[in-house]
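Everything below concerns the one structure shown next.
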């Protein structure tokens, strides 16, 4: 077990290192001198030289690379070109909003998707199966901004049940919940679609196993067979996939935050793109890498705990 | 991971024609056997035809502005209404379909070629080459397509070519994986060993004897990833990383419509639905093809 954990940890570190290296060189290819972006076209040669020195751009590339790596690991990601505040501070300010949204959507998605998938599997090729298949395919076909706009049109603009702008600033719990509801539902529906499909196919696979047939043959009630014997085994692929789709969820949270005008990493990255805030973009790449690597590591470890066979690989 | 498509394993030389024929027969069976696949195919073909005919059938110039007609709802003159600049939404949708399709098809074609090559090489040679290549693929695959797309397009700049390259990049590992697994299994099969015994070169064995066997799986993967590609392109355009306006793209239209969503719902809604319909059609096709290749799963994903 320890060897397995260490191997996964090693892979996570290698991934992090590889992506950080990539980010460093990617930022160097970006068109335009960052000092010109900060100071504008009218800047004098002296002030440019001064700023280059201050930003460390006059040093050899390998030294810049080491400083970048050290800084990234220590949490020193430079200062935003637009606001002048430390990038890490800006990121940490909005990170809770994104995490809150993603976490609630994840839980909601599993709560909706798991029973739906099981329901479809036990009713294979009957009406519940067809309905869940079509609905889940619709869910995973809809880009997050499309489902978000439809939800916004129906529930905020036509029915006026929810605020048009989900500020996420509510002080009372009820306010927060109202702000969170539509964006979370939007993300959760996509998550539920994926979970439903994986649960269904995994359950079908398990239900065709010999031990399920034996349980049925000895006269165990179908309900008990599904929930007690089959469910635990069908969860293994579901967990992997939930981890895998957490990444998709993070991607979709960008679109959701824009549609519902909710603070978070998504709005931050779009703002940085529009204002050509390169240091901020660099910080965003680092934070997304960190999140993705962490999520994958956790998924691998959970997978190892659920499925004892993994250890022997 | 499903079994390699051994039903398509060739026994004679000139496997390519044979297997391509098999793949086509698979596709035929998938389309006629499942009503949902048939619907998906009809919708997709319709969108392609409409996109091809866009310059002829579009009632208006997609970029012609008309300030007096701005933000109108659907009417007989403008079936789907007009946008903020008074441009006809239907005409812009028809022209926009071209960009969605071109970017989807081109990026996935690129990913299929590059990814399959990488997977073939990794699976065929195995050992250290395999480990290094597949670890690198895993790193890329760990990233959500949209995040990777945002980063790449932000760096490269938003042009048609760059968007195609960025989306292709996100899909390459998927094809490398799909190509690698069957290659590893096929490497030990009799017809490949026979080829080696006859002194065929690695290249010849890879391309003439192994590649045709993995074509059906690649086709399935391609249709499913094209759905993702279309969705990613629209999402990028919605974020503001699409082809520059006034060129009509579906995601860009949604972006513009979203800014005035309180005044007129139609500008944002119709292109949104267009994206949904195209992606859904592609997913229906991919699902049906997968069932045809691997019938035991019965539309399991």
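A Cβ is built for glycine as well, from the same backbone N, Cα and C atoms used for every other residue.
Note that this is a predicted model, so its numbers are computed, not measured.
Checking the ranges A:60-79, A:80-99, A:180-199 against TrEMBL, the transmembrane segment annotation falls on A:180-199. Listed by sequence, the residues of this chain that lie at least six past the ends of the transmembrane segment (A:101-122) yet keep a Cβ under 8 A from its Cβ atoms are 128-129, 132-133, 136, 180, 183-204, 207, 222, 226, 231, 234, 238, 242, 246, 249-250, 253, 256-257, 262, 264. Between the transmembrane segment (A:234-255) and the stretches A:9-30, A:180-199, A:285-306, the greatest number of Cβ pairs separated by less than 8 Å involves A:285-306.
Within the chain carrying the transmembrane segment (A:134-160), a Cβ under 8 angstroms from the stretch's Cβ atoms is held by residues 113, 116, 182-183, 185-187, 189-190, 192-194, 196-197, 252-253, 255-256, 258-260, all 6 or more beyond its ends.
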